[in-house]
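Here is what TrEMBL says about this protein:
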TRANSMEM  B:21-40  transmembrane segment
TRANSMEM  B:78-98  transmembrane segment
TRANSMEM  B:110-131  transmembrane segment
TRANSMEM  B:137-156  transmembrane segment
TRANSMEM  B:168-189  transmembrane segment
TRANSMEM  B:209-229  transmembrane segment
TRANSMEM  B:260-283  transmembrane segment
TRANSMEM  B:298-318  transmembrane segment
TRANSMEM  B:325-346  transmembrane segment
Amino acid sequence: MLTVNNLNVTLDTLVLANDMSFALEPGKVNVIIGPNGTGKSTLLKTLFGDIQAKSGVVSFENETLQRKQLSRWRKQFGYMPQDIRLDVELSVLEVVLLGQLNTLGFRLDDSVIEEALSALDKIGLLHLADRQVNKLSGGQCQMILFAQALMRKPKILMLDEPVSALDLHFQHVLLDHLDAQTKEQGWVTIMVLHDLNLAAQYADNLLVLKDGKLVANGHPSDILTPSLVKNVYNVNADITKDSAGIPFVRTIRNTRTTSSSKTSESNNLSGTRKKIISIAEGAI
Amino acid sequence: MQSALISDAVSKQRHSEKRRWTVISILLAVLAFSFVLDIATGPSLLNVKDVAKALLNLIGFPVEVDATTQVIVSSLRLPIAIMAIVVGGVLGVGGAEMQTLLNNSMASPYTLGMAAAAGFGAAMMLYFGSLGINTNIAVPLGAFICCMLAAAFLFALATMRHISSGQLILAGIALLFLFQSLLSLVQFVSSPELSQQILFWLFGSLSKASWSNLVIIISVTVICMFFLIRDAWKLTALRLGEERAKSLGVNITQLRLRTLIIVAVMTATVTSFVGIIGFVGIVAPNIAKMLVGEDQRFFLPLSFIIGAFLLSSASVLSKVIVPGALFPIGIVTAIIGVPFFFWLILGKRR
């Protein structure tokens, strides 16, 4: 179990985690959602030990995150950061192999190469193994980096927006594989997503952040409500549930509000002004 | 079916590794040829066959060869030819690791001010009359100390947690300007004779090569190369970006500091003995990257070999441009390097 108690993180004067506490169970996919700049990536970096918390305790299996034992702490992690650029003269296989960095020797064993190839095969990218990564698309790079994170055989797997560059097909390939592996291997999986419907479909546990605060934590079907979406994103939404009870979020455009306010403003204008505006609109 | 595809992919990887070893072997052969040519050229032009024979004699295969040729080869030209290879190799590797560390293909110890600092150190020693020590020891010592001081400033920056590679490069360029200005100042206040002496040191020259200098340079190079090869995979991971390397478990601050120290020691050692030789550090790694990619298991040795080849062939050129006279090698490398540099910049633009 990964537990976070009373975590406080500030960068300069910005509060990015405000007295945050939660516990994440192994074998479950935890999804973090929330508006931009609310502290989602910061939370992942803090758990990884890259950003130092102002106060609070992070622990996993009787071990506590401490700056002095950072390398030991990080050995338990597979971490896929947000940046997916791979501007380097390396083959896809070589990039995936780096997931096993600490075990690689000067001469590579067949077994470790096979393991990397099998990781690529599982996500349907075996045919790219000998291609140069700097010639691939952003989405392909993202899938390759996912295979690399899996190669680390982590206890805790963290992914920061892992589907941001993927098409519909690969979004599901990645998330289905992630879900299956999390359950099979008993990982604590934590990922940041922006798509609420993907989050609802794949999360066993949803953590909703706003302004550095954990405003909701639970199964999507229990916590995802129109009022939560309105409160967190300031967007109106309809939420329906499918036969399995999974919520589906349909956001509602605010255009009607805009056009009606335009009409009411227009009614208050004087005749001459209306004429000027109509001439101007005609000219446009 | 899948296992057949996987074993096919394994053999493709093995084939790719073999191809890269072949490239390294070919360039090693080219280097050997340039090495023999370097020994053959000079005021008295020797026959390549005789040079090969003299070399065979030296490594314990007795072959009949003219006594004068044997003396010229073993006492005069061999130390210079080996020096060209080791110095070129070190400059190539120094550039390769600077480029890896700073994620910039234009970085090298030369562009980061380390060579300029060494030049300033040497100039200061010449200015102060070697402080009463033997000039042959004092000048390299001054160059080494100043080069390490410049590097220490970069180390201090590199250990700061939130210093980016870009900021390190800017700091290095600032150092380059600082030491170049200080060097000009020393030359400005020196007598014309001394100024000329400083200038000649700055041109770079392999002529001071001796077996005792070589022992120092080769020992430093072998130790440093061992540590770099040991970090080969970590350095490869660093090319994916600092954040990603960190996510793979690399301690970036430690790796950056360790590599910087190794490169600084290697560069300071060779620069202190031969003076400033530019461009090899930028050109060699870029050619190596094009030929074998950035897997450091191949990239590192090939950067050494190409650097060695460039300096060795520059050494040959420096002797044949003006027959009978020795053209400063630092000038020759820059003349070869500049057109390549432009080709590189324009190639990147495409």
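Every residue, even glycine, has its Cβ placed from backbone N, Cα and C.
In TrEMBL, annotation is done automatically, which means it is predicted and not curated.
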Using a cut-off of under 8 Å between C-beta atoms, tell me which stretch among B:137-156, B:298-318, B:325-346 contacts the transmembrane segment (B:21-40) the most. B:298-318
The recorded stretch from B:78-98, B:110-131, B:137-156, B:209-229, B:298-318 sharing the largest number of CB pairs under 8 A with the transmembrane segment (B:168-189) is B:110-131
Under a criterion of three or more Cβ pairs within a distance under 8 Å and sequence separation of at least 6, are the transmembrane segment (B:78-98) and the transmembrane segment (B:137-156) in contact? no
Go through the chain and flag residues at least 6 beyond the ends of the transmembrane segment (B:137-156) whose CB is under 8 A from any CB in it; none is fine as an answer. 112-122, 124-126, 130-131, 168, 171-172, 175, 179, 201, 257, 260-261, 263-265, 267-269, 271-273
Sequence-distant residues near the transmembrane segment (B:298-318) by C-beta distance (under 8 Å, 6 or more away from its ends) are 20-21, 23-24, 27-28, 30-31, 34-35, 37-38, 41, 80-81, 84-93, 95-97, 206, 225, 228-229, 232, 235-236, 277, 280-281, 283-285, 287-289, 291-292, 326-329, 331-333, 336
Beyond the flanks of the transmembrane segment (B:209-229) by at least 6 residues, Cβ under 8 Å: 79-80, 82-83, 86-87, 89-90, 93, 97, 235, 258-259, 262-263, 265-266, 269-270, 273-274, 296-297, 300, 304
